[in-house]
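J.: The following block contains the structure, expressed as structure tokens.
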């Protein structure tokens, strides 16, 4: 039986619950930290070559597509204002079995992203201090991420506010140096040019191809939904945070890539376009700025590591509370810190696998889960509001519950087509393992997987 009122999420009587303390700006900062604004520099050389020198146009197209999925997330958060992200939404809006598989697939993305940040930190620090054993950096970085997330989500949010501010500041300095260089005749020689968006060499297909690459820069904007149960008035705050995270992240990407494209109209100056970041910093600001710039990339990994560690711990908490995983361990909340402490520690242990992974294999693990989540969030809006509740009579309902989610799904479909074979293969293997576990959990699919029963609980959040 469907209902038009949002599902109230409540606490189980007598159980320690997550602390509701996050403000809108803190949630947005967590989302931006997850996106890591400086990733725009990592892919610039590649996308500039693919798009024939129109990177900001590719980002603009990608942002438009991502915002459709962000709108779908917002609708579902208002209806189901609880932590869990796509897992919860597919479970409630489509089917519990589908929800489990979406949650399981999302774990592949969430669980390994902290490890990837640890791996990046190891690479950066080993390059700066080659005499130090790499395992020391891994253990130290994991310890920092785990300790901060154990203590308080507010502590993580405040750390990330500082780290995001550092990234935005370095991007602002970078733009200032680019403008100075343009006035001296570098690049196109002027800031008053629309060449990065439209020119004689601008063609739709190359720009779309570039958009499929830069779309992956937006992966993680949805992670803020896992903070719903630590945010007062989540039904209003989280939808705003999702949209603002995607929008602000996109605007930062577009602004930075616009000025970069003016300075580097093509990729002829780069010795290695696939790894152009050090050259970009050197040509724009010299040796000193290059050193500062590379140090900031370390801040990048710390910010993203803190945010991703927090997010996956909350997703595991919700799946544990649902008894999909053993509630005694995964649904545990520390009575003093009010954080999912055992999950935080477990994620830290998984992150130690950075000792053994290489970057190519590690990054292949995360894209599959993110695309599964994006796809089913859009389908959840269509299934819940359009099919189940029959909101299809006015043109506004047709726009909100059919057109917008289908455009969002179509945007994600483009990413599926361009997904690397390695990512697809590893993702399907992971999904196969999840299907086997689901069959065992549900007695060969004869019963639904366990779910959190809010009807049996009382309101105890405020």
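Note: Cβ is positioned from N, Cα and C throughout, glycine not excepted.
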J.: Would you please say which range out of 423-441, 442-460 has the annotation transmembrane segment in TrEMBL?
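T.: So the range that TrEMBL calls transmembrane segment is 423-441.
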J.: Looking at 59-77, 78-96, which one does TrEMBL call transmembrane segment?
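T.: Among 59-77, 78-96, the range TrEMBL annotates as transmembrane segment is 59-77.
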J.: So are the transmembrane segment (162-182) and the transmembrane segment (241-264) touching or not, going by 3+ C-beta pairs under 8 A with a sequence gap of 6 or more?
T.: yes
J.: Same chain, outside the transmembrane segment (423-441) by at least 6, Cβ under 8 Å from its Cβ: which residues?
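T.: Same-chain residues near the transmembrane segment (423-441) but 6 or more away: 97, 100-101, 104-105, 108, 324, 364-369, 372, 449-450.
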J.: Below 8 angstroms Cβ to Cβ, which residues of this chain, lying six or more residues outside the transmembrane segment (202-221), approach it?
T.: 31, 34-35, 39-40, 43, 46-47, 50-52, 54-55, 57-59, 61-63, 65-66, 70, 109, 113, 242, 245-246, 249-250, 253, 304, 307-308, 366-367, 370, 411, 414-415, 417-418
J.: Using a Cβ distance cut-off of under 8 Å, indicate which of 24-47, 98-120, 132-150, 241-264 has the most pairs with the transmembrane segment (365-386).
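T.: Result: 98-120.
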